[in-house]
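Since the structure comes first, as structure tokens, the remarks are kept for the end.
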Amino acid sequence: MGRMKPNILVTGTPGTGKTTTSSLLSDATGFRHINIGDLVKENNLHDGWDDELECHIINEDLVCDELEDIMEQGGNIVDYHGCDFFPERWFDKVVVLQTDNSVLYDRLSSRGYMGSKLTNNIECEIFQVLLEEARSSYTEDIVVPLVSNCVDDISKNVTTLSDWIRSWHPTS
Ligand code: DAT
């Protein structure tokens, strides 16, 4: 039997607002917010620390194993700055948040990002890496880019996605 509630993936370059948006969407819908970065840390689903990229080396197989049963139930909002290693069948919608470079630059700087970590992320946004990754990993009609430049955008996006969740029916 198919799931009775949809699963949504919220992806995008770090700083585009994935966690803020997912958390508010979770409040609005009662869906479970799964922050992959936190899950990896809490459950040790990694192969150590990458000094250069300053992040955990995520073990994608362990993450997918950990989430399989939960995703099967539906009702999940998954939040991660990558999207190409999840099983395609998990998601009914893939949201790619996008932020203007200058706005993103300020956000990441105030988060303490500097040097190559800062420029790598800005380049990731300029070259629309996550949008490309989403489009090559999922069917085109479920991938939606959403602008996330200001607080108003967050509210709009949460409303759009809550409406979509409410109108979703198990199909097929
Ligand atoms: P992400 O999870 O994509 O890394 P975040 O939700 O942690 O991003 O947001 C990073 C910071 O930027 C945080 O201080 C909230 C702020 N922010 C995010 N999206 C925003 C938006 N659309 N307008 C204003 N501030 C935003």
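Every residue number used here counts from 1 along the chain in the order it is shown.
Cβ coordinates are placed from backbone N, Cα and C, and glycine is handled just like the others.
TrEMBL names Gly15, Gly17, Lys18, Thr19, Thr20 for binding ATP. Of Arg89, Arg111, Arg135, the residue it gives for the same site is Arg111. For the region 'Disordered' (1-20), the DSSP counts in helix, strand and coil order read 3 helix, 5 strand, 12 coil. For the region 'NMPbind' (35-58), the DSSP-based tally of helix, strand and coil residues reads 7 helix, 10 strand, 7 coil. Same-chain residues at least 6 positions away in sequence with a Cβ under 8 Å from that of Thr19 (ATP binding site) are, in sequence order, Asn35, Asp79.
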